[in-house]
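Listed features, source Swiss-Prot:
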TRANSMEM  11-31  transmembrane segment
TRANSMEM  39-61  transmembrane segment
TRANSMEM  96-116  transmembrane segment
TRANSMEM  135-155  transmembrane segment
TRANSMEM  166-186  transmembrane segment
TRANSMEM  196-216  transmembrane segment
TRANSMEM  284-304  transmembrane segment
TRANSMEM  330-350  transmembrane segment
TRANSMEM  360-380  transmembrane segment
TRANSMEM  400-420  transmembrane segment
TRANSMEM  452-472  transmembrane segment
TRANSMEM  493-513  transmembrane segment
């Protein structure tokens, strides 16, 4: 809504709501992944699901996720308008988007086999058959993703942050219930060939059912907020519709380029045994804290960026951009230190049970470490993209993403043979680093200077502190293994907690000595939250 109509909630309050709600969702997501890992390990069923989920899952994250282009476009436009203008605008955009995505759903159902063959030409016949069936079951998520993304955007614009952040747990609950009952009844038999089809259908069906529940959960709150009801509206001449599409279409295409990169990664991964499953498990562990923190940073900052788009407000906009980048570094770098230094014990704690054995843990751990190295570049890129959206420019991110397709393919080709699965992940890290660098250069020119010398100096200090903290945790873990070994889950958990604490202490002392201004800002926010609790 317009600034005058918005709630007076502070950035810290919004970030706190989003963080707590997202944390709850991520806990359920972690439980879902643990059940999947215990039931199927890194074998045939999970590999098939990893490929079948690529298109519907990507659409669900891209279009239906918080901070996606649909969410960002709606927030950017509605935050500048009065509430009475919202309902017809939202209903019109929903009608238009639903028509397009219904067609996409039909295409996915009819062409499932073709899409799987394009994504993974190296799959075994049985794995391919399961992947095709799973894709057909999950195809409706294409339509649901658009409806959910629009709903999230409208609820955020109405100053409602809890439901959009917590509703993803519904997608986890349905999978947990379905697989949980199957594991309870069948045990390890579920991962034997006679039950592979049942397991794959439970995975796909539970995922789709969760998406349906997620959409249904937002309909009533959206209507009560006066942000549109479930009705068709064809008033495409509304001025706001054009404004939304001017941001939404380039942003969707730009983000869609990431899908092409992801599909390219999986194309090369199909020639490496168990690579897709290893990437799925490693990616989830990295994305769990990343998702929580990215929502804390991106959700409250996007409306702020939008309200500072006028040239006379650019001095404050540049300050906010720096804050977004530095807060990303201060929150991501300690996680990078932990995931890189403690990759093996972390994977053992989270996944090593049932069908997921020590050999599977050894496959996933280096992949997790590689994802950990790229966390800051992923989040920093997203912060900068939101600045372009706030400025009404979806074309610049699109052009960069278009070039990144070729860069990602080249890096995948160069890295996948010598480095295996880790090489594919590092190709993605390289692409995100390149994107972030280009976006900073473009904004520096567009906003007449960003004081990049100061940025580089402070980021350099934080990188050094991160390296020292990670080495401290890694060496501490090696010493722990020599002195006590690890003979149980409890001992493994104690090792991870102890070494993570050492890493955080070293990092905290290091950043305090580095005297980065945003350290005090982050500390003040955390202290205020602690006092409220």
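Glycine too: its Cβ is placed from the backbone N, Cα and C atoms.
Counting only same-chain residues 6+ beyond the ends of the transmembrane segment (400-420), those with a CB under 8 A from a CB of the stretch are 253-258, 260-261, 264-265, 267-269, 271-272, 275, 426-428, 430-431, 434-435, 438-439.
Remote same-chain partners of the transmembrane segment (360-380), defined as residues 6 or more beyond its termini with a Cβ less than 8 Å from a stretch Cβ, comprise 37, 41-42, 274, 278-279, 281-283, 285-286, 290, 293-294, 297, 325, 328-329, 331-333, 335-336, 338-340, 343-344, 346-348, 351-352, 421-422, 425-426, 428-429, 432-433, 435-436. Long-range contacts of the transmembrane segment (196-216) within the same chain: residues 36, 39-40, 44-45, 48-49, 52-53, 56-57, 60, 64, 126, 130, 133-135, 137-138, 140-141, 144-145, 147-148, 151, 167-168, 170-179, 182, 190, each at least 6 residues beyond the stretch ends and with a Cβ under 8 Å from a Cβ of the stretch.
Taking every listed stretch (39-61, 96-116, 166-186, 330-350, 452-472) in turn, the largest tally of C-beta pairs under 8 A with the transmembrane segment (493-513) is reached by 330-350. The transmembrane segment (96-116) makes contact with the transmembrane segment (39-61), as judged by at least three Cβ pairs under 8 Å among residues 6 or more apart in sequence. Beyond its flanks by at least six residues, the transmembrane segment (452-472) meets 322, 325-326, 329-330, 333-334, 336-338, 340-341, 440, 444, 502-504, 506-507, 510-511, 514, 516-517 of its own chain at Cβ-Cβ distances under 8 Å.
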